[in-house]
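Report on one structure; see the data block that follows.
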Amino acid sequence: MHRLKLVGSDTRQAYSSASAISSGPCCLEHIKQDERVTMGTNGNLYFSYALPKDSRKDYGCFAAFTRIRTIVQKTTMSVKVQRLKSETNSSESDSASLPVQPPSLLLPSGVQTVKVLLKGEDLQLECIPGGYPTPSITWMKMGETLTDRIILDNFKKLLTIPAVDEKDQGKYMCTAENSAGKDVHYFDVIVEEPPAWLTEPPQSQLAVIGSQVLIKCSVTGKPPPVITWRRNGEIFRDDRVNNRRVLDDTVMLHKAEPADSGVYQCEASNHHGSVLANINVLVMDMAPLMLTKDFQVYAVIEGGDIVMNCSVFSSPPSSISWTKEGTLIEGERFHVFENGQFLKIIGTEKEDKGTYSCMANNTKGTSSLTAQLEVKDPTKIVAPPQDVLIISGTSARLMCRAVFDRSLQDTFEVIWRKDGEEIFRSSEQSYRYIMEGDLLQIMNVNLDDQGLYTCIAQTSLDEDTATAFVTVLDVPDAPMSLKISDQESRNVTLSWIPGMDHNSSVTEFVVEYEESHWEPGRWKELQKVAGNQATAELFLYGDLNYQFRVYAVNAVGPGPPSEPTERLKTPPAAPDRNPENIKIHGHLPHEMDITWDPLLPTEYNGPGLEYKVSYRKLEVEDQWQEHLVMRPSFIVRNTSTFAPYEIKIQTRNSLGWGPQPKPITGYSGEDVPTTAPRNVAVEVINTTALRVSWSPVLPATVRGHLGGYNVYWVRIKSFLSPDEVLEERDSKSFSGNRTHAIVLGLEPFSEYRLTVSVFNKKGKGPKSDPVTFHTPEGVPGKVPILIASNILDDSVLLEWGIPSVTNGILTGFLLQYHHLNETSLEVIDSSELNITSPDATQQQFWGLVRGSLFRFDLSACTRAGCGPAQAQEYRTGVVASVGRTMARITTQRWFIGTLCAVALLTLVAVIVCFVMRNKGGKYAVKEKEDLFPDTESQGMNDDTFEYRQATSLHCYCSCCWAQLQSR
């Protein structure tokens, strides 16, 4: 066994011609590398130990130059591996018989290697060992821990540290070790760098005569740079006598003079490079020169800090002082620094506003400037936006109301940010954002709009911020990964993974199904489960080809459904239930109609669905009668009238019967009742109401469900007109099984006839024997009119009309009169008068107090009592003189009537003449006859006039006198 090295070019790939192992010489075979066979970074191929299989005649090396796209091939090499004589009896593939060889490093040679790199270059350390067994490589840094930036390649034989810096400098050691021993190699890594400025190149200076000028050239580098100073291109050396010092990286000019002005050069260099800086130094004397603009206006927010500038250039240095409106500035809040060139006011107040002056003076002169300070009100958000919950698709409104200093109005603006990113009006989504003043409106909100919104109210001097979180509520996402378990039975478990709830908890999941036999493509609800569950136990019908889907519901609404499951075919079975909502009707007296709600087709569970109708009569020994039907109805004929039956309905299909049904009770058809109520009695309660009672009919005679009783009554006559036959009929129904009823709305002082009948759904039964009864007299109705006439100082004439409804025989009137207090209207004195004449229509009152207020109450009376009163108020003595005159005239009623009649006839004649004259003044014969009737007609008219005078003249004249009095 020997260690073997094949020398190649500076390349990173080694190849072998494939002529020995492949059919064509055009192909190249990569040498397989492992812990034993390695190609180094120098392009050489190394074998930790050689084996007979390494013998080849066509080892070749190819160098690739990628930049010029060129590959260069080295002449092929031949390698022959021979065994020692002691190993000739061993198998060529038996590496275990090789002698143990301690490690030695094929690369690098020697004990130590020095590596010098520039800062930022990549460091590569390589150790390729030889020996048997193949040695392992370990790395360490002497006295330190290896950085975590190391990269180990090529079976740990190559260590790389990218972009080295001074921390990577030090001594590294690689160790090759196997069972026979170990070997080490040391790498001394030195990291150097060219010169560089530590901070920044030195800046030009403007100095005053007599001051100290210091120029510092701060550089770094490795090896340390050598610094050379020049002035105006010539070497500048240390001159202690003339106070011109050169101290390595620093030049110091003590008590500088104008002759020291010039261009100073600092050059720092090592063997890696150099840096150069030019510094202009100007030394001069001058009076104070204000570098700050005069009359500058400073603005600050109340409570904030402000620095006012008074930059001065002078030689020698100036003395600087600050005043406000002629007063030297003092106080803890006022700070002067930089030799007075800056005035800082901490925590400004409104009183700090005004004019400030800065004065600088030296031996060469004096200079000053003024500055104006304005103290502004702070910007503050007084109505910040509030956290909102908003439903997707609606609009969100965020308010941000702020107050600010009105002098800054031109610079004031409200800026909105979402999650730190500013919302621009010109963005792609700007059409959904409406920013008007202090309002941000988001149109058609979606889930992307959820986030933290920041309102920034800002001016050129300050700003205030407020935040609000917008939570977008939306319907839940569709559930995912639906899975069906126990697919061999009809009781299955459906599970799923809920989708996002979008900030509104899921309240329920709805499981839907679709089957392909009866209603393909139509989804129906199957079951609901609580929102905190993700499984559902489903009971399925047989002989159906199911698929399922699930959707979630939250407070916003139902979400989209999930993807449907694969089809699930359930096995056929007998029906699971019997029909429901069984109804029994009796449309005809000797028939019984039975109907029920049929099973849905999906509930058949298999082919051949039928219904077995069973019935038997109750209360007798009867056998069940059975019929098989396919329709959801059946008619039982030839039954007894309204007889009770037991009915039950059972389903079956080709696979068997449904569950055993429970019987229900029903009745056959009804007929009208056959008997009337007996023992009808009437008890008169008052003038308009009575209580009627009866004995109930026998249930068998009702021949149906008892609906109730009808009460009929006929008003035969009124005792006020006993000869007049009325026959006024009325009736009322009273539901339920009862034995009495109250009848209202009767007329007083009348004779009635009453009957009672029973009814059911089919109709009314016969009426009972009639019962005759009388209603008693009642009190009369209200007097229709009550007026006062002939009102004098101590008397009044009352007149009234007869009530239109007397409810009995009038016996007279009750007149009450009350003397009233004019202020409180309380009763001072009362009296009453019974007028016994039922025909009286007036009454004269004497002895009244002059100028007093009276109220008169008049009621009509019968033997049952007096009715409601008609009231009227009057005052005596107000129109006494008119009253006396009228009193004389009212005693001659016939004269007044005559005057009224003549006036009326005269008016009619004038109207007729006027009409005829408009027609031309010619009267037709018929018109003349109508205008001048014959003597008989005239006599009839006279009679009529006399009758009217006797009956109604009094009322008409009374109205006339009332009008005269009111005038």
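Positions of Cβ are set from backbone N, Cα and C atoms, glycine also.
Feature annotation from TrEMBL assigns domain 'Ig-like' to 102-185 (among others). When the domain 'Ig-like' (102-185) is classified with DSSP, helix, strand and coil residues number 3 helix, 50 strand, 31 coil.
Annotated domain 'Ig-like' per TrEMBL: 195-282 (among others), in sequence order.
As a whole-number mean, the pLDDT of the domain 'Ig-like' (288-374) in this prediction is 92. Annotation comment: TrEMBL describes 288-374 (among others) as domain 'Ig-like'.
According to TrEMBL, the domain 'Ig-like' annotation covers 378-471 (among others).
The domain 'Fibronectin type-III' annotation in TrEMBL covers 478-573 (among others).
Counted with DSSP, the domain 'Fibronectin type-III' (578-671) comes out as 3 helix, 47 strand, 44 coil. If you look up TrEMBL, you'll see 578-671 (among others) marked as domain 'Fibronectin type-III'.
Annotation comment: TrEMBL describes 676-778 (among others) as domain 'Fibronectin type-III'.
What TrEMBL records for 779-881 (among others) is domain 'Fibronectin type-III'.
Taken from TrEMBL, the feature region 'Disordered' covers 559-580.
What TrEMBL records for 894-916 is transmembrane segment.
Per-class residue totals from DSSP over the domain 'Ig-like' (195-282), listed helix then strand then coil: 3 helix, 51 strand, 34 coil.
The DSSP breakdown of the domain 'Ig-like' (288-374), given as helix, strand and coil counts, is 3 helix, 52 strand, 32 coil.
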